[in-house]
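Copied from TrEMBL, the annotated features are:
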DOMAIN    9-120  domain 'Acyl-CoA dehydrogenase/oxidase N-terminal'
DOMAIN    124-218  domain 'Acyl-CoA oxidase/dehydrogenase middle'
DOMAIN    230-377  domain 'Acyl-CoA dehydrogenase/oxidase C-terminal'
Amino acid sequence: MKVQRILPTEEAADLLGLVREIAAGELAPHVAQFEAAHEFPREIVRTLGQAGLLSLAYPEEYGGGGQPYEVYLQALEEIAYHWFAMAEAVNVHNLACFGTATYGTKAQRAELLPGMLGGELLGAYCLSEPEAGSDAASLTTRAVRQDDGYHITGTKSWVTHAGYADFYNVFTRTGGPGARGLSCLVVPSGTPGMVVHERERKLGVWSSPTAQIGFDDVRVPAERLIGREGKGFLIAMGALDCGRLGIAACAVGIAQAATDYAVRYAKERHQFGQRIISFQGVGFMLADMATQIAAARALTLAAARLKDAGLPYSLEAAKAKLFATDMAMKVTTDAVQVLGGAGYVADHPVERWMREAKLLQIVEGTNQIQRMVISQGLD
Ligand SMILES: Cc1cc2nc3c(=O)[nH]c(=O)nc-3n(C[C@H](O)[C@H](O)[C@H](O)COP(=O)(O)OP(=O)(O)OC[C@H]3O[C@@H](n4cnc5c(N)ncnc54)[C@H](O)[C@@H]3O)c2cc1C
């Protein structure tokens, strides 16, 4: 990847260098093996954690990296370039830490954050349910307050890291219907009553585990309520604003990987006595791919810079997620086209990138939902 980056500090430039080194040296050599085996590389995620890459944008005071969001996103892009499932792991972990870091009391932050941000623990974010996807405010998992804490009953679906996470950020209904009835609870793994169902068999991102989790009268102490009762939807959406920028950065990384691969191939492959890149039909396709990536990267970082400046950025995050993930779908599909038949077989990674890009148009609010959010925000 030859990307000219403008980074805010020398420290950030050094950090990106380290990320590139780790991604190329510790991630890239293993991706094919773990994807084919549908195996979650917990030890590799731990390596990312030990290098501080699971919590780059969280406060140093509690064990985070204290980096601006624009730096974190560029690091995430570098990781996604080499292994999207690992970037997804980082992104989901960041979602799972958001509630405690942003809305936790001083005591909760002091108790929980060093573990969450220290690199050893891995988080999961449990919002979706079988009957509540895009309409998350209709979720029905219920937490009832009793003398000994909250008792949670219900089913969460599509939980990334199900069965592997050390803590689960669970959104539940503690009040009446709608968004105002929701609350956020942190549930440690292994709490009695939690049942991880069979892993989903997915189109792609095979090394990342996704499964439903059943909650059968799962008890958590009242001190594990983050924010107040009724603040759950606010926390869930705040996390998604950040997460959508993460998804956009992943989309840029995947698209860049596919384009770099397609360019190399097009320079080597000869037909009609010429390199195929010299045919305008192929060269212009690659030019469009490179241009779309640059636009998506710029949009994503512009939104991140708003966030770093403490300005409203939700709408810009939705635009970045929408544009970058639609771009990644188009670019990875075109990369397959550039390789011809070779693009359609697993000997080359472009078919994997195309399968991975599809997920990005669905998660953290489908692209229809992003369009809805953006259209509702138009003046
Ligand atoms: C691999 C994977 C990992 C995931 N990881 C997590 C996770 O870790 N945690 C988590 O909480 N969730 C996770 N999700 C869930 C994901 O966020 C949801 O799939 C997504 O929000 C869409 O919900 P749904 O699948 O129920 O689709 P639905 O909401 O049923 O939508 C179906 C279709 O209808 C469209 N639609 C719905 N409402 C509208 C509307 N108002 N206007 C226009 N179109 C609309 C949608 O865009 C979509 O095309 C994951 C999903 C996958 C596939």
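Here the Cβ of each residue, glycine as well, is placed from N, Cα and C on the backbone.
Keep in mind it's a predicted model, so treat the numbers as computed, not measured.
In terms of DSSP secondary structure, the domain 'Acyl-CoA oxidase/dehydrogenase middle' (124-218) contains 6 helix, 51 strand, 38 coil. Break the domain 'Acyl-CoA dehydrogenase/oxidase N-terminal' (9-120) down by DSSP state and the numbers are 86 helix, 0 strand, 26 coil.
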